[in-house]
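Record features, source TrEMBL:
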- 21-41: transmembrane segment (TRANSMEM)
- 61-86: transmembrane segment (TRANSMEM)
- 153-175: transmembrane segment (TRANSMEM)
- 182-202: transmembrane segment (TRANSMEM)
- 250-267: transmembrane segment (TRANSMEM)
- 328-348: transmembrane segment (TRANSMEM)
- 374-392: transmembrane segment (TRANSMEM)
- 418-441: transmembrane segment (TRANSMEM)
- 461-478: transmembrane segment (TRANSMEM)
- 485-502: transmembrane segment (TRANSMEM)
- 539-558: transmembrane segment (TRANSMEM)
- 579-598: transmembrane segment (TRANSMEM)
- 884-1086: domain 'Peptidase M1 membrane alanine aminopeptidase' (DOMAIN)
- 1213-1234: region 'Disordered' (REGION)
C-alpha cells in the first residue's frame, strides 16, 4: 500500500502548477546569482581570488538562500507542500471517505510524508541547478574552477536535503497534529527568531558553539567551521562534514525524527478525534442567553432612527475599525507573535555591543532603534497575514452575502479594515516601548525618554501605512488569499534582491522607500533627512491611497468574482466623490513623483557604480601623464572656514604657500579640488599669485593645469588662493551629506584643494581594470621605492606645514580645529574662533562644530578637554584617565609630547571610529560615549579607555613618526599605536586581563585573512590591510614584548622614534625599523623577527598528554605538548617547516577574581626543538589545567587545545602536511585510550 500511495502522491504533486512555479522561482534566482557572480551583468567589479564553484562557495549560496527573510519565503512554500500532506484531507472533508478504505496507517502516513519531502527537495534544488547554469557564463575565466560534481553534490546533501527534511518534518508534524497550518506559520516565525538570535549570539566569540547549535539551517555552524579558511583553502577544500557542523545536523535531525515519530504515534484514522490545540474555546451555553424587551412594546422596539450623515458614517467607520482590531489582537496568532517578539527583543538587547564585545549603555534611542528594527520583521508578518485574513474572513465564514446586503458602504467596509490594522501597528509599537522601558529599568538605567520612543513610532508609522495599504490592495484584487500573501511580500523581499544585483537604486520605484537615511544621533536627531523623508513617504502614501481606491472598484461584495463584473457593479457604489479623490491621489502622486525626480536627477545627479567606474577609467586615461610632472610642496595653510549647520553648507577662503623643494625649476602646477559632479560647489577663486596660462580646468573631476609664465625656481614660493562654497541642493536619491549637519559637523582637509595628479581617483580593483584594458595596480608602492618615499603616508603634496584657521559657526555652537585658541568672538548671529599651531604639522586637519558641553582637566602642563553632547557624561572620566595614563607612559618610554593640549570631540554616529589629528581627536558617540564600562571587571574590555589610548598614541606614531607612502607604513602608525595602547591597558588592568583582548585580535586577524581579495602580506609589507596592521599587529607586538621584555622593546621604539621623528623626505619605512630590531635582538631570538615581520607564520600548539599525582606534600605533574609550524603564502597555501621556537608552557590552578585565567603554578619558556616534548614539574598546589602558549601569544588557528584540564585526556591531533590547511582544518578525533 505504501508504494501505491507514495507514487500517487508524487505524481499528483508534480502535476500541480504551484510546484513548478516554486521550482521556477528558485531556478531563476539561482541563474541570476550565477550570472551576477561571474560578471554577466554590466555592474561594478571588485577583486576576488575566490572561485565561484568551489564546494564552500556553493554551500554558502545554499545557506544564504535560507537565511533572514528567506526563512519566511521558504517556509511558506514548504508549508504549502509538506505541511498539508495529510491536513488537506481534513481541509477538503475527504478524510471521512478516505479513512474507510483498506489503507495501512504506515503506508498512508509515510507515503504522503516521503512523497512531499521529495517534491520539496525538487523545488529547492532549483537554486543549485540555476546557479550551475548561470555560472557557466564564466567558463574559461579565473572566477570559475574545474567543474566538479562533488562540489555541488556534497553541499546539496548536507544543506538542501537535510534542511528540507528537518524543517519539512517539523511543519508536517505540527500541521498534522493540529489540522491547521497556523502552527506551522508560527514555527516559521520561531525559525526566523532562531536565525536572528544565532546572529546576535555569534557576535560574542565566547558563544560560537551555542549559536552554531541552535541554528536549524546549519549556516552558523558552517561559518564557524570555515571562518579561518584562507582563500586557497576555500577554493580547494570540500565542506567538512565534521565537528560542530556534524553535531548541528545530528541535533536537528534528531528533533525532526522525534517530531515525526510522535506524530505517527498520535495519528489515528478515527475521523472524530479532536486535533491537538493549546487554545481550547469555551463552549457557549445557549440556555444562559436571556432575551428581554425591558417591557417595551413591539412598535417601540421596531422603531429605528436612520442617520446617513457624515458624522454617523465616521462613527460607523471607527466602530468597525475597533471591531477589526479586536478580531486581530484576540487571536492566538497575534498573542504568540507578540510574545515571540517580546522574547526576541529582551534577548537581543543583551547583545547591543560594539567592538570587542563592549556592551552599549541602554540609552533610549538605541533601544528604540533596536525595537523598530525587530518590529519591522514581525509587523511585516502580521500585516501580510492579517490583510489576507480580514479580507477573506467573511467569505471563509460564509457571511459575506449577509454583510453584502447591509447598509454599510464599501468605503467604510474597506477602510475600517485599513484602520483596524493601523491600530494593530500602534498597539505593537506601544507594546514594544513598554518592553524597552522594562529592559532599561532591569539594567539599572532610569534616564528614560518617552518622547524619543514616540518620535521613533511616528517616524516609522508611514512605512507600515504603505505596507498595510498595498497588502489590502493585493488581497482585494487577487482572488486567492495565498497568492495574495506571495504578491504582498514580493516587492519587500524579491525586488530588493533583484535591484541589488542589477545595481538599481531609485526612490521612485524602490517599493516603500524612505529616501536618504541617517542613523539617529543624540547630537543631531534624525538629521536633515526629515524633509526628504516627509516628501518620499507622502509620495508612497498617496500611491497607496490611489491603489486602495482602485481596489474599492473591485471590492468583493456579492457573489460576482471576475474583475470585469465587479467593475460593472461598482458603477453604483463608486460615486463621483470617489472618482474625484481617485483623480486627486493620482495627480498628487504624479506631482510629487515629478518633484522627487527633480531633486534626485536634476538638482542631484545620480550615478550608478558602473558609471563611476567609467569616470575613474576616463580620469586615468586622460590625465595619467600629469603624474610625471614635478610639483611644489604646500608649506603653509591659512584658512577661513564658515560652517552653516542649518543648511548643511560650508565655505572656505584660504591661501596655501607653495615652495619648490626640487632641484630644478617647475613650470606647471596641477591643482586638484573637490569635483562638482553633484553641482553643489560654487567656485569663486582658484588661482595662483604668479601669472600663467590655464591649460585646462575640468570641474567635473576637479583638476586644473596652469603653465607658469615664469618657472618657479628651486627654493622659491608662490601663493595659491582659493575660495569656494559647498551648498547641497534639494535631496539626493539615496545618500546624504554628513560633513555639515544641524549639530555635530565633522569634515577634514580632504575637502580642501591639493596639488598634483590624484592616483587615489584611479580604479583600484584589478579585475575591473582588466575589464577596461588597464594594467594591474598595486595597492601600495614597494617598501624601498625611493620615489614613493618622497611622500608621507598622509599627504602627497606636503611635508610639515604651518597651520592657522579662522572658523565660524552658528551662535550656539562651538567650532573646533587643530591648534590653540587665539581669539573668540560673536558677530551677526555667528560665533568665530581663531586657532593656530605653534609648530609644523602634517597636512591633515579637521573641522568640527556642535553645541558641546566641556569637561577640562590637566596632565602636568598639558590641558585636557572633552567636548561632548549633554547627557553623554558616562565615560568622560575614563577618557580623561586614559589620556593621563597614556601621556605618562608614552612620555616616559618614547619621548616628550609635542603639544600643550589634548582634545576629544564627540561627533554623531554616522561613522564608528575615532581619528587622531594634531592634538585633536574627533570621537564617534557610538564607540566611546555610549559604551558601558565596568572597571571592576578586568575581564571586560574598557573600550573608551583603549580607543583613547590608541588615538593618543598616534600623536607619536603618525604625528611624529610618519612613514613613506609605501608598503608597511601602516605598521609604524597603527601597529605601534596598538602596542602602545595595549601597554597602557596592561598597566591599568593587569597582564591576565589582556588575554580576552588578544583573543579578539587573533580572531579578527584570522577572519580577515579569510576575506583577502588580493594577497595577504607580511606585517612589515602591509598594504593598508586592517586585519594585519591592527589585529595581527597587536598579537605580534605583544608577543615580541614578552620575548624581549617591555623595557627592551620600548627602548628600541624610542631609538627608532628619535631617529625618524619629524623627518623630511625620504620618509622612513618598515625596513629601517626591522633592521634596528634585528640589531637589538639576541641571536637566539632572531628567528622571531623573521617570523613576525618578514613571513606569514602559523602554529598548531596542542596538549598531547597530562597527568599529576601527589608525592608527599608536593604534586608531580607530567605534561606532553606539541607544536607544528607552517609558513604560508599570500593566497593561504601553507608549508610545514621545522619548529625550533621558545614557547610558554604553564601549569595553572583554579581561576579566581585575582587570577581570572588561573593562578600560575608553573610559567616558563621552553625551547620546542622537536615536534613533541614531555616535561615533569613538582609544585606545591593541586593543579587544574596545563598547556602550551596558554595566553595565545603565537598565531594559532585552534587555541582551544593549547590548554587542557587534568580531569580527562585531550583529543588526538592529526597534523596535515604541506599545502593543506596549515592548522585550520585540523582533523580532531576522540582519543579512545589505546
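Placement of Cβ uses the backbone N, Cα and C atoms for every residue, glycine included.
Whatever TrEMBL says is automated annotation, not expert-curated.
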**Study point:** Long-range neighbours of the transmembrane segment (374-392), counting only residues six or more past its ends (CB under 8 A)
**Key:** 69, 72, 185, 189, 192, 196, 324, 327-328, 333-334, 337, 340-341, 344-345, 348, 417, 420-421, 424-425, 428-429, 432, 460, 463-464, 467-468, 471-472, 474-476, 481-482, 484-485, 488-489, 492, 556
Review point. Going along the chain, which residues at least six beyond the ends of the transmembrane segment (418-441) come within the CB cut-off of under 8 Å?
Key: 317-318, 320-325, 327-329, 334, 338, 341-342, 345-346, 349, 362, 364, 367-368, 370-372, 374-375, 378-379, 382-383, 386-387, 390, 448, 450, 453, 457, 460-461, 464-465, 468-469, 472, 548
Point to revise | Distant-in-sequence neighbours of the transmembrane segment (153-175), which means Cβ under 8 A and at least six residues beyond its ends | key: 55, 58-59, 62-63, 66, 74-75, 78-79, 81-87, 113, 116-117, 120-121, 124-125, 127-128, 181, 183-184, 187-188, 191, 216-218, 222, 238-239, 241, 245, 249, 252-253, 255-257, 259-260, 262-263
Exercise for review: Examine the transmembrane segment (461-478) against the transmembrane segment (485-502) and state whether at least 3 Cβ pairs sit under 8 A, considering only residue pairs 6 or more apart.
Suggested key: yes
Point to revise | For the transmembrane segment (485-502), sequence-distant contacts whose Cβ falls under 8 Å of one of its Cβ atoms, 6 or more beyond its ends | key: 29, 32-33, 36, 41, 43, 69-70, 72-73, 76, 380, 383-385, 387-388, 467, 470-471, 474-475, 478, 510-512
Revision key, fill the gap. Contact count check, CB pairs under 8 angstroms to the transmembrane segment (579-598), set 21-41, 61-86, 250-267, 539-558; argmax is 539-558
Check your understanding: Short question: which residues 6 or more past the ends of the transmembrane segment (61-86) have a Cβ under 8 Å from it?
Key -> 9, 13, 18-19, 22, 26, 29-30, 33, 108-109, 112-113, 115-117, 119-120, 123-124, 127-128, 131, 155-156, 159-160, 163-164, 167-169, 171-172, 174-176, 181, 184-185, 188, 191-192, 195, 217-219, 222, 267, 377, 381, 482, 485-486, 489, 492-493
